[in-house]
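What Swiss-Prot records for 1-19 is signal peptide. Feature annotation from Swiss-Prot assigns domain 'Peptidase M14' to 187-501; the stated evidence is sequence analysis. Taken from Swiss-Prot, the feature substrate binding site covers His251, Ala252, Arg253, Glu254, Arg309, Asp326, Arg327, Ser384, Tyr385, and the record attributes it to similarity to another entry. Among the features that Swiss-Prot reports, disulfide bond is placed at Cys320-Cys343. Residues annotated as N-linked glycosylation site in Swiss-Prot, with sequence analysis given as evidence: Asn367.
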Amino acid sequence: MRLFSPILVASTLIPLISAVPAGSSITPPPPLQPSYFTHSSPRPWARLRDWIIGSIWDIDHKHRSSKHSSPPSNIHDRYGSDVVLRFHLRQPDEAEALASASQVLFLDIWAITSEFVDIRLADDMIPSLLDLLPLTLRTSYTPLMDNLADEIYASYPSRHRSDSDFKSGLASAELKTISNCDLFFQEYQPLSVITQWMRLMASMFSSHVRMTSVGVSYEGRDIPALRLGTSHNTETTSGPRKTILIVGGSHAREWISTSTVTYVAYSLITHYGYSPAVTRLLHEYDWVLIPTINPDGYVYSWESDRLWRKNRQPTGLPLCPGVDLDRAWDYEWDGESTRSNPCSENYAGAEPFEALESQRLAQWAQNQTAHGGAEIVGFLDLHSYSQQILYPYSYSCSSVPPTLESLEELALGLAKAIRQTSHESYDVTSACEGILTQGAAAGITSGGSALDWFYHKLHTRFSYQIKLRDRGSYGFLLPSEHIVPTGKEIFRALLTFGKFVWGEEASDISLEDMTGDQIPLN
C-alpha cells in the first residue's frame, strides 16, 4: 500500500507554494551544512524531496490546462502567407542593401551575419523586395520556412504530442538525456508555470535557493529571479559577495533563452551536494538567474503573437507599442535611427532607459553593488539564434575593451566547453563584428546594449551575450526537443565560466564528469 500518492503530495504542497509571494525573498530555515554524497546513495530526505518534485511535474504535464497549452486562434490569419528567406551574402555591402530594403517595406529581419541575412515577409512581397535589391542578391536566396504559420503552431506545447514527433531529429545521446530528464523541460512553459516552478524550487531547496524580484514590468508583473548560493547561511562575509548574473527572454519570441535559464538553474540547484564542483561554485558565488526580463512580452508571445519581440510599453504611436529592451540602456545609446519609427523591431525608445524593464534591471544591479554588498563579476545575456558568443563592445569596433585578452580567452573556453558537451560549434567574436554590428551598418542601432552597460558602467569584468541554437533551420521557432541539449551545453559553459573567473584557487576543480545531465529524480 502506498502511503503517499502524487496527488496527495501535490495538494499538500500547494498552500506552501502559493504562500510564497512572487517577487519576494524567501526566508530560509536554519543554515544547513551540505555534505557530498553519491548519486547511488542519496540522503533519504533528498530522495523523498526529489520524488515529490518529479511527481508534481508529472501531474502538471498530464493535466496542464488548455489555457496554457493551446496556441492562439489567430496564427493562420496573422502568418498564413508568411515565409522566411535566407539571402546568402557574397559582398560586404549586400547586408546593408537587404536591411535598407527591409526598412522601406517594413519587413522583419530575423538575423544578419557576415554570411547570411534571414528575413520574414509575406510571399506576395517577395517581388517587391527583389526589385529593391542588387542583381547579385536576386538569385542568392533560399527558403528557410515556406509555411511559417504551421511552424509557429508546432512551437506551442501539445498534450497529444507523440514520442516519435518529440524524438525526431535528435541524436541518440541527446535522446538518452531527455528520457531521464524532468518533464518540465520537455516543453516550453508559460510564465505562470515558470513562476510556480520557481517558487517550488525555493521552497524545496531552501538551503541554497531563494526567490526574489528585480522589479516590476510596465504591465505590473513581477520580474522573478532565483538566487542560488549559500551566502545567506554565513553570518560573516569578507567583502562584497561575488555574483554571476544570467538573464534570458529580453526578446519575447526567443523562448529557448528562457527555457535555458530555467534548465541551468535546475542543474545548479540539484547538483549541489552531489557534485563537488557545483557545490564549491555555489559556496564561492551567488548565481542570480532571471528566466525572462520581459514578462509582458513573453506572455503576449504566448497569448497573441508568437513572434513578438519588444516589451508592451506604449509609444508615441498607439498602433506600435513596445521598446527593444536590448537597445534601451544608457551607455552609448543611439536611438536616433529608430526614434521616428516606433514600429521598428529595434525601436530604442525616445530616450535611454525608456524601456521600464531595462531600467528596473539596471537599478537592481546598481543597488546590489552599492547597498547589497555584491560585486557582479559576470553577466551572461542569453538570446537566439545563430550560435555565437559575443563580448564587448557592441556599439563600435573602434573602441577596444581594456580587458580584451581575458574576454577572448574565456569566450573561447566557453565555446570549447559547449563543443565538448554537444559537438555544437559556437562562433566567438566581438559584438561589433557579429550580428549587432551588421545591423548597425545597415542603419539599425547597436548602441544601448546590456552587454556594454554591464561591462562599462557597472565594471563587470566578464560580460557576454550568447546567441543560442540554432543556425537558422528553425530560427526563433526552435523545437522543444532542443531545450535539454541546449541547456546541457550552456550548463557546462557556466561551470567553465565560474571556474575561470574564480582563478587559481579553482584550479583543482574538475569538470570532466560534468555532462549537464540532470540528477535523477527517482
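For all residues, glycine too, the Cβ spot is worked out from N, Cα and C.
Note that the coordinates shown come from a computational prediction; the quantities given were computed from them, not determined experimentally.
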Protein Cβ atoms within 10 Å of Arg327 (substrate binding site), excluding its own: 32
For Tyr385 (substrate binding site): intrachain residues, at least 6 apart, with Cβ closer than 8 Å: Ala111, Glu254, Ile256, Lys467, Leu468, Arg469, Asp470, Arg471, Gly472, Tyr474, Gly475, Phe476, Leu478
Cβ packing number for Arg309 (substrate binding site), 10 Å threshold: 23
Inter-residue Cα distance where the pair is Asn367 (N-linked glycosylation site) and His251 (substrate binding site), in Å: 24
When distances run from the Cα of Arg327 (substrate binding site) to each of the recorded positions Cys320, Cys343, Asn367, the nearest one: Cys343
Listed recorded positions Arg253, Arg309, Cys320, Cys343, filtered to Cα within 10 Å of the residue listed as 'N-linked glycosylation site': none
Among the substrate-binding set His251, Ala252, Arg253, Glu254, Arg309, Asp326, Arg327, Ser384, Tyr385, as the record gives it, the longest Cα-Cα distance in Å: 17
